[in-house]
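Since the structure comes first, as structure tokens, the remarks are kept for the end.
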């Protein structure tokens, strides 16, 4: 992207040539000049699209019918391209033509690159960068999957993506293995399509899920899964491009119109991160037991209970629970006391605790090592990363428990049978956060929780509001739900962004 | 007769002897330089030491073998861990601008720990192991070794006994050392079949068709299952353990049938046959849960990996030839040719090998003549080689040497190319 004053008139013809295809590899940055207003709207709307992608990815199987339907309607709403054909005959009044949508797609992608490339030396920003790449990859996956096979081939040609197909002999020799290992192929489909042999590092998604045949370090990918390799290319290029963009950032930093906007954009993916401790010391350690029954989400309640029972938690549990407790306002001193007093009841004596565990508690509070102030885990993180293993109690109970055990647990916690079956139904549909929200509604006796759950600490705060934290409730109600109308001055603009990110 | 009994109170006396006369420094250095193909590969490697009273020292690094040797002989670490190769010398990690100090490469490592099998072994729990449950480690090594070689194409796998209750694998191929975090975690996940913590009863779920990797793994489990699970662990003998197995049967009707069958049948082998027969019957009929007997076998025997250890490039892992401070056993490389007869209790302790050193020497006179011809440093080096050869450590060091020789073969070609380029004929 150019920030110097170079002007270039883009005529309509050139534009339609530039945006001839619905799916882009984003090789060329946009060269035209755009208004600050457009800059902001484009960026915010793409961010909104990426957030939708993230949410959909947790609630639905990627590329399932529902997933695609929702993504299509969100793309439509936000005026992003969603069809592979250009069809400009029916532009709704005030809407954008397909070509304009593609332009918006192009430009907004590059704006967010600017916002998310700054990660140097900061794990939190590093996580943001990874988040951005992941959502862009998922968006690309969806769009690529919507292309007809002819368009896909065209896309590969246009972008110079060539892969080696195996010979017919090799294919027939490996037929049984290919059928048994490749997702959704039968004898006939094996014969009909090409298989590409690529280093397994280029098809990690298929390797991870064991949906491909592996031999001697090579993955055998059927043409129908070629998207995997293309995606891998997309991811690698984007990752490299971000690193390059980061180097040119000083130029952007010196632009005082863009800098605050970009920094807002990049921070804005999880809403609140709950690392700011407003309530330090609000609760005493004696209250934790009763709070865990009343206001903790199930995951934390489960961790608390097993900590009390076993006087120990393994690393994954200590991190998930420890950071949550930090988020609800435990001070470092309280946290040390909390963990120590529980661990010494088990096999760990005070001396061993101080040597082996106290460090990690201080680490969580950013007092050791890299001195990063770690943020409590969001639902997304709990659900998607570091699944519990033998002896672990962390993770999301709705995601990581057997339905039968979950049912028993809910019965013990006196959730009414009708509620339990509703919850189990949601779990079956993989709507883990909705299941948790249902659990919230049932245990707090409200019909509609009135918030969209994305964080264990949010659960806690909402619960406290209902259980008598009237003060908090009022403060929150003062914040009006602002719309996204474009604002004039920059100060107002950032405020608007804030409100957008808060209700997201 | 030297004994293998170890008392941790003796460590401060034994360690100096071990590091001075027995630790195979030169092979160790040869390993971690990887033929010198990459500059500063050894120099930028992190070592970390655990000293007496659990004092932990991270980010140590050394420029030469001698420097490493001297330091280890000076501080006599209770435990040695190996970390990543970094962008800078780890010892200087505080002096470089934060963020630029980064872990670049490391062997792909696997850590299998017996405690992760606690829900499926009845003989011991936690840190305890016995010959019965050790079979689990044998199975784990067989399955992973095959997959890493045949599926992923790696060749240089060093399997090491951890010294107490598990095994480690160091995949030393260049391609493995260069893997990204994402690739490491993909490999680890490909290799993980047992999923779920204490809140999950059924930890293995298979879908049809069965992936060749799982088929191969099952073939390994088959070989050990009857002896190990049915006889040694007796999983179909006692009421309690039978119930645990039956909890993995997918359907109520099937479960009732099996419960009835078991009423009239006490012999564990026959009970297992009944389960198999039910499964075979099922395979003709229904789609779902048709592989339940395989799922049971895998849940009881399939290797349980600590995925987090494999994922991180900067994760530390206990070094081969480090002493286990609790058991005194040396972390020795395991020769897969003799895997089935590998006995963790026969692995020498530091007490044993130090005692063996004190036994009277034989054949010393003949060699003395040669010694005088060499300079003193060589003589010292050779004395050390002779030292470990007189102990039970010898065969493990020999195996390590063979492993390194094989690896050296693979980069011979690279070295030739390099020298051709430099025109040094």
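Each Cβ is built from the backbone N, Cα and C atoms, and glycine gets one as well.
Just so you know, TrEMBL annotations are computer predictions that nobody has curated.
[4Fe-4S] cluster is bound by A:379, A:396, A:436 in TrEMBL, and the record lists one more residue there from A:117, A:299, which is A:299.
For the binding-site residues listed here (A:299, A:379), the lowest count of other CB atoms within 10 A around the CB belongs to A:379.
Sequence-ordered, the extra residues of this chain that approach the [4Fe-4S] cluster site, with Cβ no more than 8 Å from the Cβ center of A:299, A:379, A:396, A:436, are A:297, A:298, A:382, A:383, A:397, A:398, A:399, A:432, A:433, A:456.
Within 10 Å of the C-beta atom of residue A:436 ([4Fe-4S] cluster binding site) sit 26 other C-beta atoms, taking all shown protein chains into account. Counting Cβ atoms from all protein chains shown, residue A:396 ([4Fe-4S] cluster binding site) has 27 others lying within 10 Å of its own Cβ.
Across the domain 'DNA primase large subunit C-terminal' (A:290-460), mean pLDDT in this model comes to 88.
In the three-state DSSP scheme, residue A:396 ([4Fe-4S] cluster binding site) falls into the coil class.
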